[in-house]
Amino acid sequence: MGVVTRSQAKRGCRSHQSDGEEPPPRGGRGAGGADLISLLPDEILGSIISLLPTEQGARTQILSSRWRHLWRSAPLNLEDGVRRINEAVVSRILAEHQGIARRFSVSPFIIDNDSDKLDRWLRSPILDKLQELNFSFYAITWPSPPMPHSALRFSSLRVAEFGSCEFPDDAAHQVHFPNLQHLALGSVTISEDSLRAMLAGCPALEKFVFSYMDDREYLPEPLPPSALHLSSTLRYAEFACCQFPKPMACQVNFPNLQQLVLETVTISEGSLHAMLSGCPALYNLLLGFSSGFLQFRINSLKLKHVEMYFHRSDADRLQELIIENAPCLERLDYRGPYGDVINISIISAPKLKILGRLTDNISRLKLGTTVFKGLHDARMATVMRTVTVLALRLDNLRLDVIFNFMKCFPCMEKLYIKTHIARKNTQRYYSQDRFECLDHHLKKLWIGYYSGERPHVAFAKFFVLNASVLESLVLNVHPRKGISGRWVKNQRRQLQIEKKASIGAQIDFTCDDGFSYLCDI
């Protein structure tokens with residue numbers, strides 16, 4: 001985009017006026033300056049309009065006569081994400097628009113499982129240089145409607161997302177997407193030969209998403225072997241609601257893959273380890289609601305972020321997590337179901353910064369040579385100064401548990417605790433030791449499902465009176481309990497806010513049931 005000087009803008013303004021058009025509007029309602037954006041060249045204004053949603057882009061025609069012709073000739077991004085876009089509107093736009101189209105995205109509500117209708121739209125000449133194509137039929141339809149052959153005619157595509165349709169096998173070997181970078185196939189019925197041919201026609205692919213419909217009443221669909229024979233340019237891969245055949249994952253070779261998502265998949269322990277070994281550049285791993293493996297060992301030289309979460313119903317879910325050698329690992333987030341019993345060992349992760357969400361149901365936690373039997377019985381031997389964020393889920397707030405972690409993580413800056421039960425006062429154990437964490441580092445404490453009862457008040461008050469550099473204490477109350485001004489005033493009195501150790505500490509009471517510590521940091 002070039003730079004437009006004032007003199008050039010004025011000359012452009014005069015040229016527009018000489019063509020019989022009224023001068024561009026000056027200022028808005030109550031504004032005192034010229035409308036400089038209207039002085040930009042048509043190409044730049046057209047690019048700006050093309051970034052707007054379809055309905056808002058069309059509305060720019062009412063701004064002034066200067067803008068009236070721009071939308072009809074601007075690069076088109078046609079999406080049916082607004083209520084006023086229907087079948088007739090889509091057909092009219094494709095018939096009357098004078099510019100080229102960049103993006104065409106329609107939902108099942110507009111297509112209505114009519115492949116012929118979609119085919120007519122996709123054959124429109126303004127789509128000849130299409131860069132992004134996204135369509136899906138209704139997922140509950142069986143058999144799936146056929147994908148129109150016209151969906152495969154765009155060699156200019158950079159993004160293609162197809163959902164709940166049947167791929168035309170007779171056209172697979174004609175697929176040629178030399179510029180395609182992002183391909184998503186959601187519940188697409190496609191043969192092994194067709195998928196192999198299609199992926200072979202995508203030499204520049206960087207992001208690949210393959211998923212089936214999540215139906216827990218049936219066994220997951222087997223993953224086609226060719227789904228793992230992808231271009232070496234691949235950077236992001238996501239597989240969902242499928243089953244990995246055992247021998248297949250051992251053949252994985254993604255030399256440049258950086259992010260891997262396995263969501264609701266069934267995969268054996270050996271296949272999972274082999275798959276990670278075939279991704280030497282991997283730095284982000286998400287493993288959600290998956291099963292088939294009881295032990296998971298992480299040996300990865302570049303892995304930075306690991307996130308895992310599991311269902312209570314996953315009978316063969318993870319029982320032992322071992323971080324054996326992860327020199328670049330910075331974030332480890334494990335979320336098991338309530339009552340989950342697991343062994344976690346972090347043997348070597350010298351750059352670990354974020355650790356969560358540990359529960360007091362953990363059978364054994366090993367951090368270097370420090371061993372926690374549960375979270376209450378600890379033999380302290382290792383200090384991990386790199387950890388600055390810790391997330392816990394505790395049935396019962398206990399200061400002795402927190403003291404152990406403050407000794408193990410003396411540089412901890414943010415502590416997130418979600419609790420449920422306010423039992424009898426268990427806060428009799430107050431350490432006489434000074435903690436580096438309390439004196440110099442702890443800046444934020446978040447307590448979820450804070451009840452306001454005596455054990456919770458005593459726990460929170462300890463940090464109010466002893467955390468010297470605390471900046472924020474958030475006491476998140478269960479939404480069903482509610483917060484009144486009188487209740488908050490009484491809580492602040494019990495917490496002895498006037499005696500807080502950190503003058504700048506902000507104490508807030510919230511009712512946010514959807515809070516996530518990962519989003520907060």
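A Cβ is built for glycine as well, from the same backbone N, Cα and C atoms used for every other residue.
Taken from TrEMBL as is:
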DOMAIN    37-77  domain 'F-box'
DOMAIN    118-210  domain 'F-box/LRR-repeat protein 15/At3g58940/PEG3-like LRR'
DOMAIN    216-417  domain 'F-box/LRR-repeat protein 15/At3g58940/PEG3-like LRR'
DOMAIN    435-475  domain 'FBD'
REGION    1-33  region 'Disordered'
Positions whose Cβ lies under 8 angstroms from the domain 'FBD' (435-475), at least six residues beyond its ends: 388, 396-397, 399, 403, 406-407, 409-420, 422-427, 481, 487, 491, 494-497, 499-502, 504-510, 515, 517, 520
Tally of residues which DSSP labels helix, strand or coil - the domain 'FBD' (435-475): 19 helix, 11 strand, 11 coil
Secondary structure composition of the domain 'F-box/LRR-repeat protein 15/At3g58940/PEG3-like LRR' (118-210) [DSSP: H/G/I, E/B, coil]: 27 helix, 22 strand, 44 coil
